[in-house]
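Below is one structure, written out as structure tokens; the observations come after it.
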Protein chains: 8
Amino acid sequence: MKCKGRVAIVIGSKSDLEYAERAEKVLREAGVETEVRVLSAHRDPEALDQYIKENDGEIDVYIAMAGLSAALPGYIASRTDKPVIGVPIPAGPLKGVDALLSIVQMPRGVPVAGVGIGAAENAALLALRILRVAGKCNG
Amino acid sequence: MKCKGRVAIVIGSKSDLEYAERAEKVLREAGVETEVRVLSAHRDPEALDQYIKENDGEIDVYIAMAGLSAALPGYIASRTDKPVIGVPIPAGPLKGVDALLSIVQMPRGVPVAGVGIGAAENAALLALRILRVAGKCNG
Amino acid sequence: MKCKGRVAIVIGSKSDLEYAERAEKVLREAGVETEVRVLSAHRDPEALDQYIKENDGEIDVYIAMAGLSAALPGYIASRTDKPVIGVPIPAGPLKGVDALLSIVQMPRGVPVAGVGIGAAENAALLALRILRVAGKCNG
Amino acid sequence: MKCKGRVAIVIGSKSDLEYAERAEKVLREAGVETEVRVLSAHRDPEALDQYIKENDGEIDVYIAMAGLSAALPGYIASRTDKPVIGVPIPAGPLKGVDALLSIVQMPRGVPVAGVGIGAAENAALLALRILRVAGKCNG
Amino acid sequence: MKCKGRVAIVIGSKSDLEYAERAEKVLREAGVETEVRVLSAHRDPEALDQYIKENDGEIDVYIAMAGLSAALPGYIASRTDKPVIGVPIPAGPLKGVDALLSIVQMPRGVPVAGVGIGAAENAALLALRILRVAGKCNG
Amino acid sequence: MKCKGRVAIVIGSKSDLEYAERAEKVLREAGVETEVRVLSAHRDPEALDQYIKENDGEIDVYIAMAGLSAALPGYIASRTDKPVIGVPIPAGPLKGVDALLSIVQMPRGVPVAGVGIGAAENAALLALRILRVAGKCNG
Amino acid sequence: MKCKGRVAIVIGSKSDLEYAERAEKVLREAGVETEVRVLSAHRDPEALDQYIKENDGEIDVYIAMAGLSAALPGYIASRTDKPVIGVPIPAGPLKGVDALLSIVQMPRGVPVAGVGIGAAENAALLALRILRVAGKCNG
Amino acid sequence: MKCKGRVAIVIGSKSDLEYAERAEKVLREAGVETEVRVLSAHRDPEALDQYIKENDGEIDVYIAMAGLSAALPGYIASRTDKPVIGVPIPAGPLKGVDALLSIVQMPRGVPVAGVGIGAAENAALLALRILRVAGKCNG
């Protein structure tokens, strides 16, 4: 399967980089254009806002990864109408349970697509399924 | 916003019907063609297989809702390459925690997009975001 | 004890209003100026940004209340350097455990002062302790 | 005690092999015919279906082992009327709590016999108890 | 399907009787001989010991139901080599999580077949599967 | 403080010996007569019954330690009217949460005195407090 | 069985009175002298200190009951060398899980005897067992 | 930013010293006067009482750190009307979940400002925000 399209991978902290790279690898092998940005919803909100505003038109799907109180996926979802996939990172003593709940338990109106704790590859595969529905994949 | 496209809503039990209808309402108001099927992965696997085989080509997105050991979303995801959104239903004494974990903690290779416990509307809104990326919405 | 000062109470949803009023009552009885705003971090981010920008100079302490994926306290904390007190609201099937974790498990650099689930009065009393340290209370 | 009979051990992933072997050892020492198959309910549903169809008549008891969203035991239980024993594997950050809930919280009509997290030997011993009731053991 | 055989249903407290009756109904409809005994492992150990000793030879399968620290299934399993099915009853503030863990987390050597919280019918259906393997059912 | 009296320390498995020894050390330093027995409620019920019957008259307090489905403290408590202190051992993937719930969530009528997970020393100190009330300590 | 002796029942809040009365009833029927005091470790520390100092010599056993962050049993245990039994009260959204952990997870050196959530009668029965070891019961 | 003021850091055990030092470093870099005391609410209540009485007038904010049944922050909060920040330490098998609940689930009237598990730096930063509101910081 080969796909076109652009997927933005946003992580809340440099320490989550290995997860971002695992998602990126799956997407690149499918031919998708990807970019990884380290932009915390809590520490870099203005840079994150600017990144979304400037790039949202070209992005098909966001993958947002964060641990602990994982506000990042919901933050992006409230600023775009593109699909946002959230990956809870198993950081800290609660091993990602906190991040999982923060990611999926969104209020009505702002959906995030949560995948399993640490499931970077599945996030990428879910993005590919969305690109395929959009007619951007063949094979 | 008005969208085209077809979203299948599959529930594991008749008792989940109110959730299906909440999702259906959001989708219909957006102009999306929907259908609700009661097909348990555990009790009706053959009918479920047949439904997927016969309709998968026309379906853009699946929304699968189930409580307890919520195998339904993952079951569908393993038989289609369309996006599958899973809604954990707050049934039984664990109030949907069991369903949430069953839905998101999928093995590598078979992604499901989990939303919050009981979050039928957010499942529908996530489906609309996917249809929009597919160029099936305007406004 | 009589205090001066201004405490902003921000809730993510109208359904949390009773908690806001319980906090407000404690603060008003102490003579503190309060205001209640319904501004969701996920649904009204721009109005929330604007509210913070226009009022932050006059506000001494924020009390932010939210259920589920309770992003509101952390959101405010990342846009002000005033103390932010977070109240997890016991909404939904998880009874506020999700909100509690979302509120306290903040990343390094953006502190939120979490109180107990539904503990609106304690949030107000904590705000009064802060005002007292600031020399704004007597008696 | 010596038993006749045939027990199928199915695991969802190669990484669960050590658990399968611990169960197999107990069964073999009792004289039971065993076989280990790596067949994921999510990734190999067709091969799993075929395996069950071709062998179900000769199998007395199934032992199914899986981690995370452990659909395997329930999947088999919905395709056979033989007893199915489920072993939650302590994989991933939740250490098998997710698998335990996925295995035992089955809907009405499709029973699975859950044992403890990682309890491969107990699964084998439970199978022996069933064979004994079936009059297939002596001593 | 019609089965022969005898299944003992033991409950730890009279308050669990409705669950016993739900299991009994399923078994009786299948033609199985059943009996319900209220015998707590903690409060009536001697009567329980005596019951097991006097009847074990005639019993094919035990179904043991208990809430809280649900010692009953394990207690019986340590005094018989027949299969013992454990049903966690959702009593008390923890809604059966305590009972579920007490039932499945058995030490090596003494297996219990745990079913879902409150899953009386599935316990009965599991017993029927065991009777069928024992050649005691037709149809 | 010097005490007389006899405290029985019973563990369910040899692997819990280090905890027994930590309790024993505290008791011996206080002059208390102690004994450690490895007697599983699930695997050695008859030997355990015999031990209790033969020694109960001379024993002042029992300390029972077990992991997983920790039936041992409750088992002893149902066979003696001496105080029984239960120590949940942090064995297995749930780190003693299962054992803690099994130990404290006893049915009405059969009390066990639970201490913290792995808290062998506190169990010994609690036994000393009981001996002191019994007038068996001085200093 | 008739016992002498004095058991102090301390509760952290008037709303826990029904639990205190259930324990008191068991103790009074056994002839034990009891008293119920409402003294919060957090709100009335000085009155609590004074009560302990003035009465500790005459008290054989304390039963302390509290919900939420249940500091009361540990607080008393750090100010007496009598046995302290802690009863977690199922107050608030967490239904006593918070109180259970607060009561049993005491640091080394300050033991509390925890019973089940809401288990007022078992607390009383445990106190009776201690009085019996102290030679204060007959029959 | 440079601040004046005095923050007391109290830990319940020497083993929590690394967390105290991480908080102290942040505060010292901001120019705040700090002191670290090892004073357990359970083991050293009198020394703790004395410390609070003698120093409370000069202290602006307390940071109290404890693991397990973390009574320390609430203990201090009930003896001062200064703001008390509680840091749950991830000690023991529950990794700080017990401490988190003990710290935030305070009864009405005695507020503690809870931060994340192990979040020593955020506790310090929260103290700085309070000092800033008190007009003790510039820059």
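Glycine too: its Cβ is placed from the backbone N, Cα and C atoms.
Mean pLDDT of the predicted structure over the domain 'PurE' (C:5-133): 97. Annotation source TrEMBL lists domain 'PurE' at C:5-133.
For C:Ser13, C:Asp16, C:Arg43, the entry in TrEMBL reads substrate binding site. Under the three-state DSSP scheme, C:Ser13 (substrate binding site) falls in the coil class.
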Original post:
Rounded to a whole number, what is the top Cα to Cα distance in Å among the residues the record ties to substrate, namely C:Ser13, C:Asp16, C:Arg43?
Top reply: 15
Subject >> Set of same-chain residues at least 6 away whose C-beta sits under 8 angstroms from C:Asp16 (substrate binding site) >> reply: C:Met65, C:Ala66, C:Gly67, C:Ile89, C:Ala91
Original post:
Among the binding-site residues listed here, C:Ser13, C:Arg43, whose Cβ has the fewest other Cβ atoms inside 10 Å?
Top reply: C:Arg43
Original post:
Per DSSP, how many helix, strand and coil residues does the domain 'PurE' (C:5-133) have?
Top reply: 55 helix, 25 strand, 49 coil
